Amino acid sequence: MSYIEESLSSGEVIHKIFQLHWFAKVPMYCWLVLGLVSLGLTWLIALYEYFRLRSIEQGVTNKRVILKTGIISRHTEEMKLSSIETVEIEQSVWGRMFGYGTVKLTGRGISDVKFRNIDDPMYVKREIESVSNPID
């Protein structure tokens, strides 16, 4: 029951209830469309980021370190263990608090290989050093 119907006094009769013009609803539909578009874009960006992060592979073998990135196109960086001169760690304040950082490998005459946003960079550094400089 509407307010007008509830507020009728005895003997009072409604002759006509007036409706809003359709143009009054245009802003609501514009906001709805804008919200759906931005929600769709948010999902697309999140989906892209999910697959981008899933495509990153980084590891060490008994002969080399390997970094692979790319969803459709592929970019790889490799460095032989015998070429590694230094293994450095770069960590921000946030990285120290949450346990992530960048492990930077420098080699002889070779560009750097960086494992970015890696979990527990000290562990990664120790593992790479133990494989590249085994103690006999």
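Keep in mind that glycine also has a Cβ here, set from the backbone N, Cα and C atoms.
If you look at the transmembrane segment (26-48), the same-chain residues 6 or more away from its ends with a CB under 8 A from one of its CBs are 71. According to TrEMBL, the transmembrane segment annotation covers 26-48.
With DSSP classes pooled into helix, strand and coil, the tally for the domain 'YdbS-like PH' (60-128) is 17 helix, 38 strand, 14 coil. As annotated by TrEMBL, domain 'YdbS-like PH' applies to 60-128.
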